[in-house]
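Written out below as structure tokens is the structure these notes cover.
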Amino acid sequence: METIVRTTVIALFLCLLFPIVFSTSIDRLVRIGLKKRKFDRNDLLTAQLDSKKGETLRGSLGKYHLHGNLQDSNDFDIVALKNYMDAQYFGEIGIGTPPQKFTVIFDTGSSNLWVPSSKCYFSIACYFHSKYKSSRSRTYEANGKPADIQYGTGSISGFFSEDYVTVGDLVVKNQEFIEATKEPSLTFLLAKFDGVLGLGFQEISVGNAVPVWYNMVNQGLVKQPVFSFWLNRNPEDDFGGELVFGGMDPKHFKGEHTYVPVTRKGYWQFDMGDFLVGNETTGFCASGCSAIADSGTSMLAGPTGIITQINHAIGASGVVSQECKAVVSEYGDKIIDMLLAKDQPKKICSQLGLCMFDGTQGVSMGIESVVNEIARKASGSLRDSMCSACEMAVVWMQNQLTKNQTAEHIIDYVNQLCDRIPSPMGESSIDCKSLSSMPNVSFIIGGKLFELTPEQYILKVGEGDAAQCLSGFTALDVPPPRGPLWILGDVFMGQFHTVFDYGNMQVGFAEAA
């Protein structure tokens, strides 16, 4: 998981303020009550989590179906979640005997549990968060194997230990976890959480450590090998939501879930159909895309080309890509002529000398977006970004040609899209007064349309004239065969109750209640 927190200015004392937590148990439903906190626009920027880099994202095919009754309220445990400005959801766990309390992100996009260690001496971030003290636990077992997790703009390193982990009323025995001794980035200094509890598959676990969820199942702590998320997006409600282990709560959703099979264990990855802006296809996922449901990512992340089209449609402002406009200026008419001549679209950019390969690299030369390529300005990055800009322009122009648009219109339209390429940090702002004129956006999953309104995909901070609105979409480019890839983070999961069915290897979505 790339739980990368924006490092904008924030008063450090806010990092130290947490609500009083209480736990109740009724008929085996374990609830840890947490509160939302409301901050200003700078705090929201600080809270936003970056999406994955994608080096290990991969996919294959499979098909499973839901069996059995997962709605028996007597057979699952619940962990309540805190919502930090609709950007971070986290809850409390305990490690050791007696339990030492930690606030963690419950992240379906990673598989390790880590918290700061009392042996973290030289990272300022550790001084602002709870630290695990092995000497205070009767059930601690030494391990010592080194561990390192690299995120997009930060990293943690340390060593493995073993101890009991308490999640709600569930006590997982002999759980391997990471004691973080280095947290060198401001990322974790400004974070509202202490650590991360990964709920992904062991295939992506650092050190091949058995994930907490696996041990819950293997130790017979849950009746059904299923967990589910309900994220409360109501800004007026202090309650952040619930993570339910062992099933799902019928009060959290409406109607029936639509299930899709996990295409490869690692992340909770599945095949997704087309993506629509308004009622029109964007042209990028008409033949299908891969997606992952990721509770540890705040935003919706998708290919730069699609995100650019969305930003154009909703009027979001990003950083102007000079390379993109240069490609359109120098090669735009030629690309249109080649498309009209029925040249293979995937080979056009290599035929123009802008790409090294014939349509084998997707929308980007590498995992990172063309915007990040431009921002780095490293040696050789110019050619890569020109290639990426060309590939995006080909798709945009091809889509416009199917609508019988004139060459002049197409060139003007693509130049506008160049203006809407997301900024290097991924954020795009919009005019809050224009929400009523923005289109709905839709994902096709399992043959069903999952639609988001502007009010649902735009993050609004503040009130009145001081309000600021940010696009809930950020760019991520993963080339074939692993991509194109969407990461459906909290913006999506907040509107659609999400079931992670480990027993049948599938993910389900239903309208959140």
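Just so it is clear, glycine is given a Cβ too, placed from its N, Cα and C backbone atoms.
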Whichever of C15, C120 is disulfide-bonded to C126 when TrEMBL is consulted: C120
Other C-beta atoms that fall within 10 angstroms of the C-beta of D107 (active site): 25
Cα-nearest neighbour of D107 (active site) within the listed recorded positions, C120, C126, D294: D294
Cα-to-Cα gap, C120 (disulfide bond) vs D294 (active site), nearest whole Å: 29
C-beta crowding around C126 (disulfide bond), within 10 angstroms: 22
The domain 'Saposin B-type' (319-359) - residue tally per DSSP class, helix then strand then coil: 26 helix, 0 strand, 15 coil
Integer Cα-Cα distance in angstrom, D294 (active site) to C126 (disulfide bond): 26
